[in-house]
Amino acid sequence: MTFDLASRLAARRAEHLYRRRPLLQSPQGPEVTVDGERLLAFSSNDYLGLANHPEVIAALQQGAATWGVGGGASHLVIGHSTPHHRLEEALAEFTGRPRALLFSTGYMANLAAVTALVGQGDTVLEDRLNHASLLDAGLLSGARFSRYLHNDASSLAKRLEKASGNTLVVTDGVFSMDGDLADLPALCAEAKRHGAWVMVDDAHGFGPLGATGGGIAEHFGLGIDEVPVLVGTLGKAFGTAGAFVAGSEELIETLIQFARPYIYTTSQPPAVACATLKSLELLRSEGWRREHLNRLVARFREGAARIGLTLMASPTPIQPVLVGSSERALRLSALLRERGILVGAIRPPTVPAGSARLRITLTAAHTDAQLERLLEALAECWALMPEECDDA
């Protein structure tokens with residue numbers, strides 16, 4: 001018996017689900033070169049526009065000159081350098097937690113935290129729309145795994161009543177494909193009533209949310225008692241790479257001792273930690289970036305409503321435009337690209353069948369004029385959709 005990979009790929013193409021990697025030939029920013037074409041992009045998670053910031057670049061360059069390039073080894077061997085340690089201390093202070101622990105990717109941070117905290121005999125309860133890394137972590141943990149209805153505290157409560165062993169409630173802070181916020185006050189209250197811990201992956205919340213960019217926990221005024229396990233990603237609003245888990249002394253020491261994705265992975269380049277220290281400084285000191293971004297979000301939603309687009313209840317830079325079928329989403333994306341606008345079409349299995357969408361992401365680097373250009377292009381392209389696609 002052989003692996004029939006050709007048939008799998010053919011089926012993927014027939015379902016309009018085949019994915020291709022666009023080739024970025026320029027730095028991150030609103031205007032990019034992709035596959036040889038100059039485009040205005042609304043596809044990046046660089047929410048605060050820090051990925052190409054000259055001070056962040058300079059910090060990376062100086063870090064490489066001082067510390068070299070590679071991490072060299074795992075953190076527990078000889079890969080934990082001074083920049084890593086300083087960044088962990090800065091992230092702990094930023095999040096209001098005693099400790100923080102660096103990881104190479106957000107996927108690894110989520111996998112590490114869940115699998116180190118629960119196992120056979122325990123329970124992990126997750127939002128149905130959680131990121132794939134969280135769902136994978138729950139399945140791989142060996143714990144009893146169940147998903148509650150999206151953002152539904154009563155659905156969570158029913159599952160908490162049946163939970164056994166140590167129970168971990170896991171949710172995205174900002175849901176990456178919908179842009180809505182987890183109802184953390186209600187979820188945390190239910191978890192506390194049942195003696196469960198809450199873990200929040202705030203990959204898309206740090207930077208845009210909170211008075212100082214502290215994310216969804218700061219947005220709702222929740223501390224370590226309500227959210228014992230807080231995960232953040234550095235490759236989005238921070239504009240660099242990697243991730244972290246913040247929490248108590250005991251939590252971080254537990255991850256160091258038991259989290260296999262941490263123990264058996266080479267550390268990230270120290271120079272990246274140097275760059276992230278600078279981006280964290282800018283994230284906290286340049287509040288105008290959040291203010292400008294929030295204004296762009298409000299203006300986009302007003303303009304989209306005038307066009308008649310179907311949006312989701314998102315107060316964040318993630319602004320999905322619901323289209324329906326995968327074919328329809330691809331068509332709208334292609335029409336925008338013909339007009340020099342790059343917006344990705346999100347299709348199943350990333351989102352449920354029948355809910356394909358354009359995932360528009362706004363950043364602090366976008367100008368008012370660029371937003372107006374997007375809205376004008378959307379209005380023009382949307383007017384063409386009923387004639388060309390009637391499968392909505």
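Every residue gets a Cβ built from N, Cα and C, even glycine.
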Residue among His75, His80, His204 sharing the pyridoxal 5'-phosphate site, where Swiss-Prot lists Gly106, Tyr107, Ser176, Thr233 as binders: His204
Same-site substrate binder from Arg13, Arg19, Arg20, given that Swiss-Prot records His131, Thr350: Arg19
Sparsest-packed of the listed binding-site residues (Ser176, Thr233, Thr350) - C-beta count within 10 angstroms: Thr350
DSSP state at Thr233 (pyridoxal 5'-phosphate binding site), helix/strand/coil: strand
Recorded positions compared (Arg19, His131, His204, Lys236) - the one with the fewest other Cβ atoms within 10 Å: Arg19
